[in-house]
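K.L.:
Quick paste of what TrEMBL says about this protein:
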| type | residues | note |
| --- | --- | --- |
| DOMAIN | 6-186 | domain 'Ketoreductase' |
| BINDING | N90, Y155, A156, S157, S158, K159, I188 | NADP(+) binding site |
| ACT_SITE | Y155 | active site, proton acceptor |
Amino acid sequence: MEQVEKTALVTGAGKGIGKAIALAFAQAGYNVIINYNGSKEAAQSVLKEAESYGVKAITIQADVSNDEQVKAMIDQAMEQFGRIDVLVNNSGINKDGLMMRMSLEDFHKVIAVNLEGTFNCIKHVSRIMMKQRSGSIINMSSVVGLIGNAGQANYASSKAGVIGLTKSAARELALRQIRVNAIAPGFIDTDMTAKLAEKDKTKMMEQIPLKTFGKPEDVANVCVALASDAFSYVTGQVIHVDGGMVM
Ligand code: NAP
């Protein structure tokens, strides 16, 4: 019997956690669609690395907060591969600041990328997965979406919203055997956390029972497992990847 080649689309896959996720799917034998917004060269080097696992890979530029660009990305992905088995909504930004100084523009920008971007991608990819009657969607939330964080009202709201969106999508799509789950990473070593002050990192470490910061691969491994048949009865869940920070 001919084996179906599976395809995974990872947003924001040029660097950080998204890069590790795209490479983990490539290593697991999936063809990968590497979305990026600004990191063109980085995405190109992820493509080369993915291809070294013997799978097909393409890069597609799209701002996930722009519905038309997302639609064009999905059309291009379908032209190339004809199916999308896994969507990982990984793209995310932060614009931190205390609420009394936070502009509405900075509040909305973070919601637009983190929450509306996730909505845009689910909307267009779910149409394809509905026809396939299969699929796994994984949305990147954060422990901050569960417990809040001073200075991150916009980011925490977006990540809490991602959890509501995940559960609603899980209920809407379950009849077509499409599973939708979220991952809530704690502190993972990437560009996003590199900008934190040392004193904030030390404070954060005190709250992590496993006493170590996470690596992008820690999140990537959970994504591949969650998309696999081993997790076929799991939907609408939020999986914490945080060294025990929130329990
Ligand atoms: P990162 O290194 O800053 O990477 C962010 C990624 O998002 C980049 O690939 C970037 O793409 C992409 N992106 C930003 N705006 C975009 C847009 N408008 N359209 C498409 N892509 C866009 O951050 P990271 O730490 O890897 O974070 C990845 C995800 O995990 C985010 O959703 C973040 O909120 C979440 N998370 C991270 C941590 C952590 O501790 N690091 C903890 C909890 C949750 P370009 O570079 O191409 O623009």
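Using the three backbone atoms N, Cα and C, a Cβ is placed for every residue, glycine included.
Show me how these features fit into the shown structure, please.
P.N.:
In this view, S158 (NADP(+) binding site) is surrounded by 28 other Cβ atoms within 10 Å of its Cβ, with every protein chain counted.
Non-local neighbourhood of Y155 (NADP(+) binding site): N94, K95, D96, V110, N114, S142, V144, N149, each in the same chain, at least six residues away, with C-beta under 8 Å from its C-beta.
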K.L.:
What binding-site residues in N90, Y155, S158, I188 place CB under 6 Å from ligand 1?
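P.N.:
Going through N90, Y155, S158, I188 in sequence order, those close to ligand 1 turn out to be N90, I188.
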K.L.:
Suppose we draw a 10 Å sphere around the Cβ of A156 (NADP(+) binding site). How many other Cβ atoms does it contain, all chains included?
P.N.:
21
